[in-house]
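Single-structure report; data block below.
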Amino acid sequence: MKNVVIVDCIRTPMGRSKNGVFRYTRAEDLSAHLMKGLLKRNPSVDPNDIEDIYWGCVQQTLEQGFNIARNSALLAGLPQSIAATTVNRLCGSSMQALHDASRAIMVGDAEICIIGGVEHMGHVPMNHGVDFHSGLSKSVAKASGMMGLTAEMLGKMHGISREQQDAFALASHQKAHKATIEGYFDSEILPIEGHDENGVLTLVTHDEVIRPETTLEGLAALRPAFDPANGTVTAGSSSALSDGASAMLVMSEEKANELGLPIRAKVRSMAVSGCDPSIMGYGPVPATKKALKRAGLSLDDIELFELNEAFAAQSLPCIKDLGLLDVMDEKVNLNGGAIALGHPLGCSGSRIATTLINNMERTGAKLGVATMCIGLGQGIATVFERP
């Protein structure tokens, strides 16, 4: 089996979904920009040697329909010989894209792949056209398809208070703002044109979604968003709605060495797992444990974790049961997470992996885990190792 390595990883800035910088920019344009960007940043890679593109996207309709991976590749002017497929594991779609490409490379079916994902939640809302089968109600409660209520359930099961959620949300914005000011995101963001609040074309270089003005008092004043009578989850402690894309250049270790490309990280192991849909946010716990077992590692071996923050009420139980509460500030989401940056569904998997790899390089960490929950009860995790 061949070793799989990441030689480059980038993302767009995260744009606010409601009247944000990408309101006139289509999902295919966000995607094509990154595909072209990876090749421009790595001129030693012959595009004709790329086997396949795996691109995550959840709402595959409207501008994101009819295989957005292929549409974006053609829009980017990539060789027509490069195949492309769109991957959907809901929130874990672009991490699944990485897993699919990695397996193809491991068994020799590919040497070089582009992976990534996109979601334009401003143009294609999360619930657009969704029609659940009525028969699901025999085994799954209707509320299991309502992500906010699953977060409420998970938070109550683990005794997570409103105050803990608000503090976690505040920290996400503070860390993301600090990362922006300190330039920690500069190595992963590929600037792209968008439009400012006046509709003027502008170069977007930073995330639009972060709210540095957030305070505990402001968060405490928000009403519960999903369970008005007894809830604790608010818009402020939930992942923001944002638009964005992310991408990675993935290849065999042999090919990277042949091309003289720096190996930024190796895919050490991968895993997915299912869990009760009513507590879908718990998926990272079994997925992470499974991935670590496959890598022959323990939780103590991992120096950095990147956990997608769907909700504070969902993140904190996962952090608790992974034994990370006491080291959360030093090990988990150093640059904040989706509460501050947003969660463009198909983009997030490779986005958090990209942020993890950049943080591993910045801090000198050798081993890291990127993991996320997935709607309707799944989790996905990837263990990365720096050379």
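Backbone N, Cα and C atoms are what each Cβ position is placed from, and that goes for glycine too.
Among the features that Swiss-Prot reports, active site, acyl-thioester intermediate is placed at Cys91. Marked as active site, proton acceptor by Swiss-Prot: His343, Cys373.
A separation of roughly 12 Å, to the nearest angstrom, links the Cα atoms of His343 (active site, proton acceptor) and Cys373 (active site, proton acceptor). With a cut-off of 8 Å between CB atoms and residues at least 6 apart in sequence, the same chain places Cys91, Met280, Gly281, Tyr282, Gly283, Pro284, Asn308, Ala310, Gln314, Cys318, Gly379 near Cys373 (active site, proton acceptor), listed in sequence order. Comparing the active-site residues Cys91, His343 on other C-beta atoms within 10 angstroms of each C-beta gives the minimum for His343.
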